[in-house]
Amino acid sequence: MCGIVGAIAERDVAPILLEGLRRLEYRGYDSAGLALLDAAGDLHRHRAVGKVAALADAQAAAPHSGGVGIAHTRWATHGAPTEANAHPHVARDEVAIVHNGIIENHEALRDRLTAVGYTFESQTDTEAVVNAVHERLEGGDDLLAATQGVIAELTGAYALGVIARRDPQRLIVARRGSPLVIGVGIGEHFIASDVAALLPVTRRFIDLQEGDVAELTRQSVRVFDANGHAVERPIRTSDLTADAVERGAFRHFMAKEIHEQPNAVAETLEGRVADDRILPEALGPAATQLLADAQRIQIVACGTSHHAGLVARYWFESIAGLPCDVEVASEFRYRRHVVAPGTVFVTLSQSGETADTLAALREAKTLGYRATLAICNVPESSLVRESDLVMMTRAGPEIGVASTKAFTTQLTALLLTVIAAGRAHGMDREAEARLIRALRQIPRQIETVLDLESRIETLAEAFIDKHHALFLGRGTQYPIAMEGALKLKEISYIHAEAYPAGELKHGPLALVDGDMPVVTAAPNNDLVEKLKSNLQEVRARGGRLYVFADPAAAPAAYDDCQVIALPSVDEAVAPLLYSVPFQLLAYHVAVLKGTDVDKPRNLAKSVTVE
Ligand code: AGP
């Protein structure tokens, strides 16, 4: 999604803006730009289609400097990824704006402004906003009043950064529906869509609330709430360091994040379990009581987080005895609901800023759910702020668009939640102890799977000339198969589908031939013999099988059936372990195909628009 960086300082802010944009590249984008007010108060702009490196080249070829600036990476929504559509947008060489989000009434605004003489150079919704700010400046407003006046006219979602020639000592920002933080320096201030952009210059941040507008000068920050009242917003210090979002020795962030999973899962368990029991502090007294009162669970999420929810449905019903429904947020938010009494509404999200998940949460709050619980990786996110209760995953920053460690830490947090719910609903002590022991072994067992990487890299070679792949699973391994298929398709661009293995003969078996790799997970459980029968159906049609299996349950290996043994694990925690080889497989297929692993085409890390 689009990314914003801005700064107001004594020093030249151009290098800060470019470095900030580089740090936002992971969000996904297709063009970039920056605008600066120089010492004489003149406005200069560079824009480029493609990577931030192209923008940096343009700046190097014709350098501009200045103490006030805004910059942007654009992920096209209104209008193609062209230079004309790239931000910042400028009105009559006077005002420059960067914008994330979507202005829904931009056409009406554009028509009104065209009627009074404004011309438009782009197809974006944003250009109407910058012209509207200019119109108000011409009418005598200062930059703060002009911005406040314009946003009162807007419907939709936005994070905005605004600078103007005639008001060169100020940077105005506004936020509704799209994330934006203010970075606090000494005699300088910054803005960004994500703290990661500003870590080289500050670790002190102000989180803007929905509807806030702020005026930044070098020395001060004034924040106004949605009603225009001056408000104090606390400054927090981030634990993150600038190198927390560096790749280190790894070739890609995705590889680094896959390898961080033993530690990330261990961190998510830290302080929440002791010996063979879950600690009361794991969820806090309020959440523990809530789970005790819960009669039903509704989980809502998108993408990989949705897959974690699908695994949790099996857990909630089989371990805690609680009925559980799971739905993708974009569907949940647009249908009518019958909410059963005592239903707890649970959202799952790495970023905590996914527009559909946030909208579903806001909708749920009007529908009579017992309470809302967010399982999330970003403490300062909107989802965390707006939920009644929160369980943090502790994956650390996830930069690769393909979610990996966020998924396994979500599963960890979910299983802890399920165990806490199970205990409150009569699960016996020994069952709890068995699950906790199994969970505590998972970090080490993931390390064992990571040791299989070179074997999986070799397997990946068989996929690079393939156009389709099938992932099969039964029980909790069905959502893991869905996640494996999503990983493969999003980074290698190979069409991949997941099916419950028992559904094979109801349709997808027609697709199976020697060109169709079929990937599956076979932990040792009650369903493994049934799964093996399904695999025989594949072999009989000439399909090529790749089976990640428990040694005690593995099918026999043949030329057309490669078997990779994984450590034996308790059935309940098997989803955590079996997701890892699928991540490695997708990663190595993508590397061999030469795709942009960390920033796959058309995708964004944090999907902050609908
Ligand atoms: C998966 O690899 C993707 N990054 C995507 O499906 C992601 O999980 C989805 O957009 C939800 O994001 P969230 O967890 O930040 O809400």
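Every residue gets a Cβ built from N, Cα and C, even glycine.
Going by TrEMBL, these are the annotated features:
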type	residues	note
ACT_SITE	C2	active site, nucleophile
ACT_SITE	K605	active site, for Fru-6P isomerization activity
DOMAIN	2-219	domain 'Glutamine amidotransferase type-2'
DOMAIN	287-430	domain 'SIS'
DOMAIN	459-600	domain 'SIS'
Integer Å distance between the CA atoms belonging to K605 (active site, for Fru-6P isomerization activity) and C2 (active site, nucleophile): 10
Secondary structure content, the domain 'SIS' (287-430) (per DSSP, counts of residues): 66 helix, 28 strand, 50 coil
Segment-level pLDDT (mean, integer) for the domain 'Glutamine amidotransferase type-2' (2-219): 94
